[in-house]
């Protein structure tokens, strides 16, 4: 009648029962096969009738046809065995004993677990154990990685002790010993150099440091910026969705950004990308341009512009008005700048290849300057994991020295008398204090500038004090961005307002003038006595010869007087 819900019982599997024959002896035929009738297949149906199971083609599916003769004989001999062999009995006894032991362990396990939780505490390994691990890993097992699971457990235990050090610390052990072991384990687990990990431990609290290191192991989301010179974000999002791209708006703080979750087409080769409708750009790279806030018909300098993402964003905010000078000291990187500007339809940009440190002599008088300074890259470790091990103290100080030179040049290139501008934005993709707050504090001392609000509603405040250093209180207006808190690359942004084109003199002269009281006359200033000394030395040279002549005259006069008497 066909398959339906009413007659679906034929799909139920047959229940087979093996019934031994009346005789316990096995009868074989002359050809070695088991005689028929020794085993029977019974199928229980509702009417109680027993029929042999048939398949769709009418073939019998009995077990006798599928089993070999030897298997059939073995199956028939199984019920004839009255007892088990010695091996089987020993195995069963061992299984029963093990089951009993497991039952006892299961009963005792809660108490044992509680005792372990109470008694077990993190203990520092001895110096001998640490030296042994170092020797084995360095000389004998260089190809085998360390046991990361053990190291991870040791990091967790160490962190718990350090968070409640007074209660959980081991007697006779100092906090420095725990921190040294933690730094060593984190360097091995996350593959960082000891130098960089020491710097990070100075910047972050320990729980936040773990989150930062974990965030660097995960790539940041792919983000794009809509080119409003050619399209709108709504139209671009619809076009990409039609091509199989899963996306969302980047956030309330951005009107042009989109975040890409996954795509069935390469996001850097779509017709929309080739037509210049969007630019592949990190979320953190949008923030400096938003802080700069360029206005239409202004003259703007992008001192380190490659590969052109920020320059094109400035151009679209200016609606292709005014003038942008896109400069970079690396001529090879300018090829990508020119290509992107052409693809995105930017027409108000001039590309130059100059050293930023010499730029005020080349051209100045800009309304605004954006300085995305070259840095150590400690904020983009997820993109370049080599930063974990290839940076040292010299690299950080070398970058900081270059950044100080560039920021002074950027400030000198701005016109303080600009009606709409006079602003400088300094940013780096580094989280090192030496490259950020240190450089900004240096600029505040060397030029007539002050820090103003960046205009960004989120981000952490910059440091006003770091270890033994104290920075200007206005550094609170700077902003720091981290991968573990904002899900974007590590970034630092500071915004200056220039209030005078005059370059202040060296700090020594103002310090002397401030220290001198007002009642002291001008002759007390240091340079004037030097002039007197110089003049006095010339007079002395002229007066030294006549001094002996005066003595001789006086002696002659003294000799003559008695003669006259």
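Numbering starts at 1 and runs along the chain as it is shown here.
In case you wondered, yes, glycine gets a Cβ from its N, Cα and C as well.
Positions annotated as active site, nucleophile by TrEMBL: 429. Under the heading S-adenosyl-L-methionine binding site, TrEMBL lists 304, 305, 306, 307, 308, 309, 310, 328, 355, 372. Here TrEMBL flags 30-55, 85-95 as compositional bias 'Acidic residues'. Taken from TrEMBL, the feature compositional bias 'Basic and acidic residues' covers 73-84, 96-107, 534-544. According to TrEMBL, the compositional bias 'Low complexity' annotation covers 512-521. Residues or ranges marked as compositional bias 'Basic residues' by TrEMBL: 550-565. Residues or ranges marked as region 'Disordered' in TrEMBL: 1-113, 511-565.
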Notebook entry, point to check: Looking at Cβ-Cβ distances, which residues of the chain lie under 8 angstroms from residue 310 (S-adenosyl-L-methionine binding site) while being 6 or more apart from it?
Noted result: 285, 288, 289, 302, 370, 372
Margin query: Please report the distance from the Cα of residue 355 (S-adenosyl-L-methionine binding site) to the Cα of residue 429 (active site, nucleophile), rounded to the nearest angstrom.
Written below: 20
Notebook entry, point to check: Rounded to the nearest angstrom, how far is the Cα of residue 429 (active site, nucleophile) from the Cα of residue 304 (S-adenosyl-L-methionine binding site)?
Noted result: 13
Margin query: Whole-number answer please: how many Å between the C-alpha atoms of residue 429 (active site, nucleophile) and residue 306 (S-adenosyl-L-methionine binding site)?
Written below: 14
Notebook entry, point to check: Within 10 Å of the Cβ of residue 308 (S-adenosyl-L-methionine binding site), how many other Cβ atoms can be counted across all chains shown?
Noted result: 28
Notebook entry, point to check: CB neighbours of residue 304 (S-adenosyl-L-methionine binding site) within 10 A?
Noted result: 20
Notebook entry, point to check: Other than its own, how many Cβ atoms are within 10 Å of the Cβ belonging to residue 355 (S-adenosyl-L-methionine binding site)?
Noted result: 13
Margin query: Give me the count of other Cβ atoms within 10 A of the Cβ belonging to residue 306 (S-adenosyl-L-methionine binding site).
Written below: 22
